[in-house]
Amino acid sequence: MLSATQPVSENLPAHGCRHVAIIMDGNGRWAKKQGKIRAFGHKAGAKSVRRAVSFAANNGIDALTLYAFSSENWNRPAQEVSALMELFVWALDSEVKSLHRHNVRLRIIGDISRFNSRLQERIRKSEALTAHNTGLTLNIAANYGGRWDIVQGVRQLAEQVQAGVLRPDQIDEERLGQQICMHELAPVDLVIRTGGEHRISNFLLWQIAYAELYFTDVLWPDFDEQDFEGALHAFANRERRFGGTEPGDDKA
């Protein structure tokens, strides 16, 4: 899956971006432009995943999180959902060994209980194979929704309260944050959405509280290393305030 790619160009400032999340949008529209069915676009999008993972691994990014299948995607036509599930199985079978060779740790975030037993087993084996790798952490959000993530975190705290190991007044942002997916990773610094839409679509609602947002009209199958570099360049030139004000600015 990974191949040697050039690091970001010399004129790109040190981007300081540790965790990038991508909403991979535009597969269906890309396929339509080619006169093909949507499944064709999803397969083409898998090639862009390879490019993005390779680029991230070679350019100082610690974690890459990709929105592969939202909890709302079950509402799509059954034929498309079936094609996506088969593509997921194929990707795990064909790519995980390459990820492992390149020291990438693979994790699936989301409620995998709705997937069939074959896919769940592939997920478990893939995560186990790469669990001790120390390079890029690749998170694939599958049957994931930001609201679901927060609710499952609250439910875990409620169970602790019910068991008598936690008092309600002990619940705070830190405790809840420890129950949310990817809590052990660096916070998301940059969210990229391809395909021209300007919305979050229930993705990582907790984790992107202070992330920079970058929207591009490029459809996901066309998103390449230059596009990724452009997003990092934009990020590097933004001033992040985390709710504060510009240094030296005493005016609210």
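Keep in mind that glycine also has a Cβ here, set from the backbone N, Cα and C atoms.
These numbers come from a predicted model, not from an experiment.
What Swiss-Prot records for Asp25 is active site. Annotation comment: Swiss-Prot describes Asn73 as active site, proton acceptor. Sequence annotations record features per position, and here Swiss-Prot assigns Mg(2+) binding site to Asp25, His198, Glu212 based on sequence analysis. Residues or ranges marked as substrate binding site in Swiss-Prot (evidence: sequence analysis): 26-30, Arg38, His42, 70-72, Trp74, Arg76, Arg193, 199-201.
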Recorded positions near Glu212 (Mg(2+) binding site) (Cα-Cα within 10 Å), from Asp25, His42, Ser71: none
Inter-residue C-alpha distance, His42 (substrate binding site) and the residue listed as 'active site' (nearest angstrom): 10
Protein Cβ atoms within 10 Å of Asn73 (active site, proton acceptor), excluding its own: 16
Within 10 angstroms of Asp25 (active site), Cα basis - recorded positions out of Ser71, Asn73, Trp74, Arg193, His198, Ile200: Arg193
When distances run from the Cα of His198 (Mg(2+) binding site) to each of the binding-site residues Gly28, Ser71, Trp74, the nearest one: Gly28
Fewest other C-beta atoms within 10 angstroms, as judged across His42, Arg193, His198, which are the binding-site residues: His198
Other CB atoms within 10 A, centred on Gly26 (substrate binding site): 25
Local backbone state of Glu212 (Mg(2+) binding site), from DSSP in three classes: strand
